[in-house]
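Notes follow once the structure below has been shown.
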Amino acid sequence: MAELGRIVTEIVEELRPAVERGRVADYIPPLARVDPQKFGIAVIDASGAAHLAGDAEEAFSIQSLSKVFGLTLALNLEGSEIWRRVRQEPSGSAFNSIVQLESEQGIPRNPFINAGAIVIADILVSRWGRYAARQALLDLVSPLVGTPGGLGIDEDMAMQERETGFRNAALANYMRTFGNLHNPVDDTLDLYFHQCALTMSCRQLAEIGGFLMNGGTDPRSGRVVTSVSNARTIMALMMMCGHYDGSGAFAIRVGLPGKSGVGGGILAIAPGLASIAVWSPGLNAQGNSLLGTLALERLVQKTGWSVFNAFPLSVQKPG
Ligand SMILES: NC(=O)CC[C@H](N)C(=O)O
């Protein structure tokens, strides 16, 4: 769609001057130093063409977006076995909430809240150990990227999150008391903090998301990243849980499976049509990118890409 280039440029021009940009996360020190004026969008369409605007090629900290890739690896390794240790339901709670864990015996509601992602990290550590698991994540995403530079793990970010990650340490220790963490807490958290410290640009994130747009197979290389059914599972969870207690509003406003990160990134997938990444560091009350969400809402208004809109009326008209 040649128009896409114009659409993404329009969105950045409209939203870039916005005054109300939300608040940049400050509980992980290096995140607090990111310029709140940054704003990028990248759309990779089904033909592989990239439509970029704003700071689309600048690397940022993907944080909870990494939960999508951890889940992909865990599903590849253990399939439906993982659902013994983490559920598939929306939480309706904040990303780092601990309240449900007590009444639900240490089984997190879903793999996209912190507790669930820590269990997923634990599964990967059991399989590979903490260092090789980190490498396995890099080996999953690196070949999917078509553009060089920026992709890597920000060691300083990981260290500083470890220094300040008391809440995640509490979640991990608490789950361990229920037997739902099999490795030493430090090993599992080490992987979790390093995966959250992955950096990449909107363009690279959208390139990686291509496998979800394309039923589990990387559209550039034809390599199967995960099964069709795993890709569906991941996207269903993104729709229901990808924005924590803001997931319902995101589904209504945007209508695409999406996953946010506290660094201000969002990955959204229009199945069969596009992989979309946006980045604006200011967050709304639920910890999701404020302008990023608005940008996706505009994009969907301009393209009609909501999954709840998948059958254009023209297709249904006789003749
Ligand atoms: N929502 C997020 O991106 C949270 C990730 C962050 N590393 C944390 O654990 O707090």
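Keep in mind that glycine also has a Cβ here, set from the backbone N, Cα and C atoms.
Whatever TrEMBL says is automated annotation, not expert-curated.
The annotation substrate binding site is assigned in TrEMBL to S64, N114, E161, N168, Y192, Y244, V262. In sequence order, A25, I28, L31, Q63, S64, F95, L283, G287 are the residues near V262 (substrate binding site), counting only same-chain partners six or more apart with C-beta under 8 A.
Sequence-distant neighbours of N114 (substrate binding site) (same chain, 6+ apart, CB under 8 A from its CB) are S64, F95, N96, R167, N168, L171.
Checked against ligand 1, the binding-site residues S64, N114, N168, Y192, Y244, V262 give S64, N114, N168, V262 in sequence order as having a Cβ less than 6 Å away from one of its atoms. Using a 10 Å Cβ-Cβ cutoff, N168 (substrate binding site) registers 22 neighbours. Sorted by the number of other CB atoms within 10 A, the binding-site residues Y192, Y244 start with Y244, the lowest. Sequence-distant contacts (6 or more apart, same chain, Cβ under 8 Å) of E161 (substrate binding site) comprise I28, N168, F193, C196, A197. The secondary structure of V262 (substrate binding site), as reduced to three states from DSSP, is coil rather than helix or strand. Within 10 Å of the C-beta of S64 (substrate binding site) we count 25 further C-beta atoms, all protein chains included.
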